[in-house]
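Taken from TrEMBL, the feature domain 'Orn/DAP/Arg decarboxylase 2 N-terminal' covers 32-278. The feature N6-(pyridoxal phosphate)lysine is assigned by TrEMBL to 58. The pyridoxal 5'-phosphate binding site annotation in TrEMBL covers 237, 271, 272, 273, 274, 373. As annotated by TrEMBL, substrate binding site applies to 274, 312, 316, 345, 373. According to TrEMBL, the feature domain 'Orn/DAP/Arg decarboxylase 2 C-terminal' maps to 279-371. Taken from TrEMBL, the feature active site, proton donor applies to 344.
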Ligand SMILES: *Cc1c(COP(=O)(O)O)cnc(C)c1O
């Protein structure tokens, strides 16, 4: 915050950016991405663990983000052929890429094998058999890790929990040994280890510990049965403070891994997404109108950003800090206000009865901690073009994605001739 320039992000004036680029506009902080990656690495180094870091790129897959994280030594965790191509495009070595995901098509499997990804995390016996067929056809060997479901409740939002027995993810615990054993006999398949990912926005080391304890037991059981286990991929999910949550420090995750898997003699990997990217982004938006409600209801602040830009509040009831960027508004008195987007859906609400400085049409606000699961989830709903994107670094900034031109919205659409006339 600067008395003249207002709200700053990595020393760049957000008001300036909004004026030059227009809104809605995503702003990504390069310095924040770097700092958080280094913090994460330092925490693991301090607990004596050698862990390879595979950024879960579904959180924010812009090439600039990927390139920057690659130069910080990150590999990638990808969940589709498109993400794999993006990661390669950003110069991430195929050997540093883990291919995860609940359903990989034969084509995606072939792409993964031909580009030489380091590891494919598989989620069912059926998928392993299909992968074996694809690998044999291509004369390749798939290095696989079995994603196991530890049946642990990560205590997170229903829609981002992945590690309970009834969630759709992973191989059921009791089947893991048999499936691992069978996989080892399949042509084109080399089982190298286990993977586990129990959910997102996890706020306590306890579920991690529970999951990793079970995984460590399974490593021992597999080895007793003569099956080699070289790798444990510990997944992602580390939560951040959006509002007033007590988010665990990376050291807590490192500690949970060290205490459970530290002496298993396996190579360790983690797949953080949100923790690195979320605080590295804000969404700038302009107030279109302030609609007075009946006496006891708060004013409605109508923004030019909507749920098609930032889906998280509508999708997960998530809370994002909202700050005006101009110095006058930042210091104005607070009153309860409800902040909405213009999309024709009742769920297009960013904040309800939130104490905010009073806002006027034309004011620019920043929606905070929107760097993960923000721009990547945008859609064109209501024929709204995708917002522009900017990257800031030490006071300098640059457009990294132009606002989508309106004509793009119907590019690629064709109209069959018969649509032009009514049938006789
Ligand atoms: C989404 C996902 C991650 C990253 O989750 P975050 O909560 O963003 O850290 C890691 N691994 C897998 C398999 C995922 O699906």
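Quick reminder: no glycine exception, Cβ is built from N, Cα and C everywhere.
Nobody curates TrEMBL annotations by hand; they come from automatic prediction.
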### Task
List only the single closest residue to residue 271 (pyridoxal 5'-phosphate binding site), chosen from the recorded positions 58, 316, 344 by CA-CA distance.
58
### Query
Taking DSSP states H, G and I as helix and E and B as strand, how many residues of the domain 'Orn/DAP/Arg decarboxylase 2 C-terminal' (279-371) are helix, strand and coil?
11 helix, 39 strand, 43 coil
### Query
Using the Cβ centroid of 237, 271, 272, 273, 274, 373 as the reference point for the pyridoxal 5'-phosphate site, which residues of the same chain not in that list have Cβ within 8 Å?
56, 59, 200, 236, 238, 275, 276, 277, 372
### Message
Given 237, 274, 316, 345, 373 as the binding-site residues, which ones have a Cβ positioned under 6 Å from some atom of ligand 1?
### Response
237, 274
### Message
Between C-alpha atoms, which of these recorded positions comes nearest to residue 272 (pyridoxal 5'-phosphate binding site): 58, 312, 345?
### Response
58
### Task
Give me the Cα-Cα distance between residue 273 (pyridoxal 5'-phosphate binding site) and residue 316 (substrate binding site), rounded to a whole Å.
17
## Note on the structure
residue 271 (pyridoxal 5'-phosphate binding site) falls, by DSSP collapsed to helix, strand or coil, into coil
#### Entry: recorded positions clustered about residue 274 (pyridoxal 5'-phosphate binding site) [Cα within 10 Å; pool: 58, 312, 316, 344, 345]
58
#### Entry: Distant-in-sequence Cβ neighbours of the residue listed as 'active site, proton donor', under 8 Å, six or more positions away
382
### Task
For the domain 'Orn/DAP/Arg decarboxylase 2 N-terminal' (32-278), provide the mean pLDDT of the predicted model.
96
